[in-house]
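According to TrEMBL, the protein has these features:
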- 8-119: domain 'Longin' (DOMAIN)
- 184-204: transmembrane segment (TRANSMEM)
- 224-242: transmembrane segment (TRANSMEM)
- 249-266: transmembrane segment (TRANSMEM)
Amino acid sequence: MPMIFFASVVRVRDGLPLSASTDFYHAQEFLECRRQLKALARRLAQYPGRGSAESRDLHIYFSSSGDVACMAICSHQCPAAMAFCFLETLWWDFTASYGTTCIGLASRPYAFLEFDSVIQKTKWHFNHMSSSQMKSGLEKIQEELEFQPPAVLSLEGTDVTNGVLNGHTPVYSEPAPNLRMEPVTALGVLSLVLNIMCAALNLIRGVHLAEHSLQVAQEEVGNILAFFIPSVACMVQCYLYLFYSPARTLKVVLMLAFICLGNVYLHGLRNTWQILFHIGVAFLSSYQILTRQLQERQSDYGV
């Protein structure tokens with residue numbers, strides 16, 4: 001008898017279902033559990049990265065990171081470590097297949113229903129593999145669960161046994177899967193160095209101009225901001241290159257726009273070559289950020 005009956009991928013911020021397994025059971029308890037899973041999905045932003053909810057014979061498990069969560073309905077005989085192994089595997093496969101921009105722009109339910117084939121394959125493997133085949137993966141997840149137990153939620157709505165309650169919305173830090181980026185390249189290091197240099201130049205010029213403006217005139221506020229804002233944008237670009245961030249593409253475009261507009265505004269205070277240098281560094285950094293992807297996970301679960 002299978003231990004994992006149903007799985008779905010949802011967007012955390014609004015509970016929009018992105019994909020789900022298309023198999024269907026007609027048992028009344030399963031149908032009720034499906035209804036409760038949908039209601040729970042709409043509240044995922046309130047909960048920690050891992051959690052579960054129990055009914056009589058079925059359990060709901062969820063695991064979320066960033067704006068993507070994976071949820072499953074499992075038999076009460078299914079070990080929690082196995083359920084979370086399954087959900088983490090789905091999370092990695094889904095985020096490797098679809099970018100944060102695609103996920104963020106999805107406007108209709110089940111926009112990525114074709115991912116069902118991956119869900120079915122992964123579910124079949126977990127339902128038919130022995131514990132010995134998944135031993136290393138289960139041990140790793142079990143250690144994580146012992147160190148930070150998942151929240152146990154009430155299907156009626158608000159109770160969390162491993163968190164703060166009494167009608168207040170709890171705030172949690174996510175025990176998310178470790179998001180490891182690909183190794184830094186030599187060109188990436190160069191873009192970091194140039195970005196830091198541009199940020200420092202903008203900051204120094206902005207500070208000097210601010211000191212001068214305080215003594216002479218108030219008309220230079222626009223120029224001061226045109227130095228400070230690109231300086232901050234350069235530092236944000238450094239962060240985006242070094243660390244994974246949701247909606248990364250949107251943030252890259254915004255930082256690039258701030259830098260370009262700021263330098264164009266400073267045309268009277270910088271010559272053309274200086275402006276082209278700053279904009280060129282911004283484009284180089286943007287390219288490096290967008291081409292540095294999450295490191296492909298090595299499967300521990302035999303899937």
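Placed from the backbone N, Cα and C atoms, the Cβ positions cover glycine too.
Since we're looking at a predicted model, the values are computed, not measured.
Listed as Cβ neighbours of the transmembrane segment (249-266) (distance under 8 Å, sequence separation of 6 or more from its ends, same chain) are residues 99-101, 104, 202, 222-223, 225-227, 229-230, 232-234, 236-237, 240, 275, 278-279, 282-283, 286, 289-290. Counting same-chain residues at least six beyond the ends of the transmembrane segment (184-204), those with a Cβ under 8 angstroms from any Cβ of the stretch are 227-228, 230-232, 234-235, 237-238, 241-242, 262, 277-278, 281-282, 284-285, 288, 292.
Taking H, G and I as helix, E and B as strand and the rest as coil, DSSP gives the domain 'Longin' (8-119) the counts 48 helix, 29 strand, 35 coil. Across the domain 'Longin' (8-119), the prediction's mean pLDDT works out to 89.
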